[in-house]
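Trainee: Straight out of Swiss-Prot:
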BINDING   Gly100, Ala101, Phe133, Asp218, Glu219, Val220, Gln221, Thr275  pyridoxal 5'-phosphate binding site
BINDING   Arg136, Ser274  N(2)-acetyl-L-ornithine binding site
MOD_RES   Lys247  N6-(pyridoxal phosphate)lysine
Amino acid sequence: MITYEKKYLMDTYNRYPIMLVKGEGTRVWDSEGNAYLDFVAGIAVNSLGHCHPALVEAIKKQAETLIHCSNLYWNEKQIELARMISENSFGGKVFFANSGAEANEGAIKLARKYASLKYGGKRYKIITAKNSFHGRTFGALTATGQEKYHKGFGPLLAGFKYVPLNDIEALYEAVDDEVCAIMLEVIQGEGGIHEATPEYVKAVRKICDENDLLFILDEVQTGIGRTGKLFGYEHYGVVPDIMTLAKGLGGGFPIGAIVAKEDKAVFKPGDHASTFGGNPLACAAGIAVLNEVTKDGFLEGVDKKGKYFREGLETLQKKHKVVKEIRGKGLMVGCEVDLEDASEIVLKALEKGLLINSVSHNVLRFVPPLIVTEEEIDEALQILDDVLSEIRF
């Protein structure tokens, strides 16, 4: 089947040479029957692992009842999921989309709509961080502070500024009377698992309050328990005005969401819409995921396992000089290696039955299912140890 790729599929992905056909828990199997421990999890998507019984049952039951209906009509699953998100976050109103990029596009539109209503169109610029990633549709692409993703797609959307992450002075300097919002990831995922400092996040909130700007938090990768808290902002003692979600919310089923404080949720009928966003099947999946993730002890378990994993990586760091730095929160972990390119490590790990990926060339990213066990973490660490021992640096 892989031989048909170039004939039928656009050449948009650097794929690894395996065909995945089955998944269960933290493992997947290829077409040759080989099993892999999955520490990619669909890039932080399979929050409950593969084919979790509660998720499968929710999707199956809903598929037998009502798969899709237009947003011209109410559906109870959409209302229920919105309620769960609102009551477990900061009490905002929710708009459903189908992906993180869509959610971020909507957040950008919402910020500009809010500023237009309040300031008559004088404020429209949005500040984002260098090295950030917010998606590949035009607004989200322009918000992304990485030139490599911009090449060949100009002219981009006007009205974006980029400042270095954690540089509070640069942030103050970037604010002028045309800025309407600051958009941030508390941990840059595609950018290399770089964390915003508590001081920086609090400074963003302070600057937004002082200048009547909207604080947009991209929680597409950090949200739904990935960092050991239900939402990443909970680590910092601040609350955003707008938050975007996707990835882990559906546990593998496509869904995205914008959450906005009630006074910032200024969209009116016709301002924004989605054909598929908030369909009953996607929302049933989201409800099943949130039911599991919000169970007593679940998030504490994610935090505990994340610390256990980082401690294991720090032990490897002492043994292997190529390991430069360990960073991240919960089960969103980065391991920077002293190489120009970490792809050989990724490929060797795959050969030994461990799926990982690299970002920013030399950072190994680990985002396993949140249900991973300490025994499976030990297994992954052993494979990494073997790989690092075999490769000549």
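The chain as shown is numbered from 1 upward.
Cβ coordinates come from backbone N, Cα and C, glycine included.
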Trainee: How many other Cβ atoms are found within 10 Å of the Cβ atom of Thr275 (pyridoxal 5'-phosphate binding site), counting all protein chains shown?
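Mentor: Excluding its own Cβ, Thr275 (pyridoxal 5'-phosphate binding site) sees 9 Cβ atoms within 10 Å.
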Trainee: In the structure shown, which of the binding-site residues Gln221, Ser274 has the fewest other Cβ atoms within 10 Å?
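Mentor: Each of the binding-site residues Gln221, Ser274 was scored; lowest Cβ tally within 10 Å is Ser274.
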Trainee: Around Val220 (pyridoxal 5'-phosphate binding site), which of the listed recorded positions (Arg136, Lys247, Ser274) come within 10 Å, judging by Cα atoms?
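Mentor: Among Arg136, Lys247, Ser274, the ones whose Cα sits within 10 Å of that of Val220 (pyridoxal 5'-phosphate binding site) are Lys247.
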Trainee: May I ask which of the recorded positions Gly100, Phe133, Asp218, Gln221, Lys247 is closest to Ser274 (N(2)-acetyl-L-ornithine binding site) if we compare their C-alpha atoms?
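Mentor: It is Gly100, whose Cα lies nearest.
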Trainee: Given the recorded positions Arg136, Lys247, and counting only Cβ atoms in the protein chains shown, which has the most within 10 Å of its Cβ?
Mentor: Lys247
Trainee: Can you tell which of Ala101, Val220 has the most other C-beta atoms within 10 Å, given these are the binding-site residues?
Mentor: Val220
Trainee: Roughly how wide, in whole Å, is the group Gly100, Ala101, Phe133, Asp218, Glu219, Val220, Gln221, Thr275 that binds pyridoxal 5'-phosphate, by largest Cα to Cα distance?
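Mentor: The widest Cα-Cα gap among those binding residues is 25 Å.
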Trainee: Could you list the residues of the same chain, at least six apart in sequence, whose Cβ is under 8 A from the Cβ of Gly100 (pyridoxal 5'-phosphate binding site)?
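Mentor: Spatial neighbours, sequence-distant, of Gly100 (pyridoxal 5'-phosphate binding site): His134, Gly135, Ala140, Asp218, Val220, Gln221, Thr244, Leu245, Ala246, Lys247, Gly256.
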Trainee: Just jot down the residues in the same chain as Glu219 (pyridoxal 5'-phosphate binding site), at least 6 apart in sequence, with C-beta under 8 A of its C-beta; none if empty.
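Mentor: Glu219 (pyridoxal 5'-phosphate binding site) has long-range Cβ partners Glu185, Val186, Phe231, Gly232, Tyr233, Met243, Thr244, Leu245.
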Trainee: Does Phe133 (pyridoxal 5'-phosphate binding site) have same-chain partners at least 6 apart in sequence with Cβ under 8 Å from its own Cβ, and which are they?
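Mentor: In sequence order, the residues whose Cβ lies under 8 Å from that of Phe133 (pyridoxal 5'-phosphate binding site) (at least 6 apart) are Thr144, Gln146, Tyr149, Glu185, Gln188, Gly189, Glu190, Gly191.
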Trainee: Please report the distance from the Cα of Arg136 (N(2)-acetyl-L-ornithine binding site) to the Cα of Ala101 (pyridoxal 5'-phosphate binding site), rounded to the nearest angstrom.
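Mentor: Rounded to the nearest whole number, the Cα-Cα distance is 6 Å.
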Trainee: Taking 10 A as the limit, how many CB atoms besides its own sit near the CB of Asp218 (pyridoxal 5'-phosphate binding site)?
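Mentor: A 10 Å sphere around the Cβ of Asp218 (pyridoxal 5'-phosphate binding site) contains 32 other Cβ atoms.
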